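See below for the structure under consideration.
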């Protein structure tokens, strides 16, 4: 039996600092953050890209790894007052092995 390689992901929160966790490829950043108690990620809609409570920002370097939002995700992000040019919803980003060492910033809550 082959076990999935664990990768390291770091979440920077507005008030609580940096949290580095281990994750399996195939998980969403939202599920990883909820499983590890990352402050500021609520995931109220359960990962359906309907609420914005898992809003994150990624660096220019990481943007190439996570990619641009889908049109539906982009529409929801446009409704947020604290949107950033590289905003994403953590529920819509699926981790893969190329994301080893990924660092994301948890957006300030606006709700």
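We number each residue from 1, going along the chain as drawn.
Cβ atoms here come from the backbone N, Cα and C positions, even for glycine.
Automatic, uncurated: that is what TrEMBL annotation is.
Taken verbatim from TrEMBL:
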- 7-110: domain '2Fe-2S ferredoxin-type' (DOMAIN)
Confidence over the domain '2Fe-2S ferredoxin-type' (7-110), expressed as mean pLDDT on the 0 to 100 scale, is 96
With DSSP, how much of the domain '2Fe-2S ferredoxin-type' (7-110) is helix, how much strand and how much coil, in residues? 28 helix, 28 strand, 48 coil
